[in-house]
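*Asks:* Shown below is the structure under consideration.
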Amino acid sequence: MNNHFKCIGIVGHPRHPTALTTHEMLYRWLCDQGYEVIVEQQIAHELQLKNVPTGTLAKIGQQADLAVVVGGDGNMLGAARTLARYDINVIGINRGNLGFLTDLDPDNALQQLSDVLEGRYISEKRFLLEAQVCQQERQKRISTAINEVVLHPGKVAHMIEFEVYIDETFAFSQRSDGLIISTPTGSTAYSLSAGGPILTPSLDAITLVPMFPHTLSARPLVINSSSTIRLRFSHRRSDLEISCDSQIALPIQEGEDVLIRRCDYHLNLIHPKDYSYFNTLSTKLGWSKKLF
């Protein structure tokens, strides 16, 4: 055992037997290597582990040096929104589909993780967005997002009208099905499907991508990540909401605005030593290979 990481947290929400098998294999291997291991409570219950340290995501964030998330990008997003509040490194073993955020190959995870635990890895900081639904007379409702914050109708798809202010200066009004506000991390997710640009992770930028706008002149906009975005609504409707990473929904009541800004904390994401962002893009998106 080395001094880079002493306490390892095992995180995830296993939906398939293969993911559960990976959790168990990882737990046994880390214990055999002499690491202190803390297991998320649901995983310990599923594996029927007795007399082992368990905890919530918050407890893991407070106590562990590294959290290993087993699952797909959805699992990673759900865990990372909480873990980002703490000074903890996060890495993922891919048991999902695309796996933009979960780098470790499940068939070779232990060897790759061994290198990481020995200090041979690449680290980067990914910023989050903070979304507030607020009105002067009402208490704020706040959530965070690693990928994107999406304005959309709550139940039935329909055109909505809204105004966008950037740093309290009017930018544009829009009639569309909604708006995607994305981080660089989220630029390869929902935003990409809506025609948004791909931003490399180190860019301090946010994209605003219209969803089915009513005019052809509406185009994606890239702004500095230090900007504050305010959404105002010309026709009040009770069925509007914003969603964070397609996992948390905040309803918008009459008279309320939405404020979106860069979060004060970052996700400490680490990758295997041979990680390449552009190689990941090429592989996941099916880009063509080198010509010569």
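From the backbone N, Cα and C atoms, a Cβ is placed for every residue, glycine too.
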*Asks:* Which residue of Gln33, Gln247 does Swiss-Prot report at the same NAD(+) site as Asp73, Gly74, Asn147, Glu148, His158, Arg175, Asp177, Thr188, Ala189, Tyr190, Ser191, Leu192, Ser193?
*Replies:* Gln247
*Asks:* Test of understanding: give the count of other CB atoms lying within 10 angstroms of the CB of Asp177 (NAD(+) binding site).
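*Replies:* That number is 17.
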*Asks:* Which residues does Ala189 (NAD(+) binding site) neighbour through Cβ under 8 Å, counting only same-chain ones at least six apart?
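*Replies:* Listed in sequence order: Asp73, Phe100, Asn147, Glu148, Ser182.
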*Asks:* Roughly how wide, in whole Å, is the group Asp73, Gly74, Asn147, Glu148, His158, Arg175, Asp177, Thr188, Ala189, Tyr190, Ser191, Leu192, Ser193, Gln247 that binds NAD(+), by largest Cα to Cα distance?
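*Replies:* Maximum Cα-Cα distance: 31 Å.
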